[in-house]
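**Student:** Structure incoming, see below.
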2 protein chains.
Amino acid sequence: MEFTQTQKEYFMKEAIFEANRAKTMGEVPIGCVVVDKQGKIIGRGHNLREHSQDATMHAEMLAIQEANEMLKSWRLVDASLFVTLEPCPMCAGAIINSRIKNVYFGAHDPKAGVTGTLMNLVTDSRFNHQANVEAGILEQHCAQLLTSFFREIRKKRKKNRKKEIKD
Amino acid sequence: MEFTQTQKEYFMKEAIFEANRAKTMGEVPIGCVVVDKQGKIIGRGHNLREHSQDATMHAEMLAIQEANEMLKSWRLVDASLFVTLEPCPMCAGAIINSRIKNVYFGAHDPKAGVTGTLMNLVTDSRFNHQANVEAGILEQHCAQLLTSFFREIRKKRKKNRKKEIKD
């Protein structure tokens, strides 16, 4: 791994900034940045599934696509990806396909995380590329974003249900 | 599985048609269609990685995105996906994320296939959705497309090398 702890936290904060952009749109707050080896952010993305009604619009996919466009290359050799939540199979697959070198994630995902939790696709030597993985960068902050988002949703639903009963 | 063998082969031929569109552009010939339960094609895609220089532009991703757009929904419940080559982790993940019901593929992929060959992500009960998989629809035709494409590439390279030595 090439970045200092301070640098890793700096980039994760940029991913959190992206997650907050998703949150303000009512989307599940997940954010991502792709960084080149000089430490320049070359791709940013936040979850846009509901607004786009496109199942592939995860934060990582959008950040990888932007980085591909920036470099005019599908190969993101030497790049690092910072994401607030552990990647799902689709995003782990896109990391393999784009040859990203390092993956740093915040919160673990016990439901769909496949860079360490349910399995580890990006270190599986049967694929033609492997990435390094470091988990738990600003984990509490990243997890908190999600838990408070879902708590708010449950609260609103409860309120609406009570209102319906009264009406 | 809901389609007859004749119907499955009809849709795989449509996927092969897409693969041939990739081939004429010099792309690795892989094609895909997404079909609704009435048997209407709602999404088509062919590999565009080199032309787009975007690592995510696989046939399945483009077909899923088009189907999402067509239905104005990220949920492709009851849809079937036909693809000439076994899906990679990214595309298998997109199949899970879009809730596709049935996956039919042509040729097995010993290098990156994860709907039966290296593993089976789409039947893994730990994820929040599972799809049915049927392998080997027009397998020989689908495999032949790829082997002849790579044979042509090797032939061209050999010719160019010989030319370089002569010059």
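Keep in mind that glycine also has a Cβ here, set from the backbone N, Cα and C atoms.
Heads up, TrEMBL stuff is auto-annotated, nobody curated it.
Here's the feature list from TrEMBL:
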type	residues	note
DOMAIN	B:6-134	domain 'CMP/dCMP-type deaminase'
BINDING	B:His58, B:Cys88, B:Cys91	Zn(2+) binding site
ACT_SITE	B:Glu60	active site, proton donor
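Just tell me what is around each of these and how deep it sits.
**Tutor:** If you take the C-beta of B:Cys88 (Zn(2+) binding site) and look for same-chain residues 6 or more apart in sequence within under 8 angstroms, you find B:His58, B:Asp109, B:Ala112, B:Gly113, B:Val114.
According to DSSP, B:Glu60 (active site, proton donor) sits within a helical segment. In the shown protein chains, 32 other C-beta atoms lie within 10 A of the C-beta of B:Glu60 (active site, proton donor).
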**Student:** Using a 10 Å cut-off on Cβ-Cβ distances across all protein chains shown, tell me which of the binding-site residues (B:His58, B:Cys91) has the largest neighbour count.
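**Tutor:** That would be B:Cys91, with the highest Cβ count within 10 Å.
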**Student:** Measuring Cα to Cα, how far is B:Glu60 (active site, proton donor) from B:Cys91 (Zn(2+) binding site) in Å?
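**Tutor:** Computed Cα spacing between B:Glu60 (active site, proton donor) and B:Cys91 (Zn(2+) binding site) is 6 Å.
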**Student:** Is there any among the recorded positions B:Glu60, B:Cys88, B:Cys91 whose Cβ is under 8 Å from chain A, and which ones, in sequence order?
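**Tutor:** So the ones by chain A are B:Cys88, B:Cys91.
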**Student:** Can you check how the pLDDT averages out over the domain 'CMP/dCMP-type deaminase' (B:6-134)?
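**Tutor:** Reported value for the domain 'CMP/dCMP-type deaminase' (B:6-134) is a mean pLDDT of 98.
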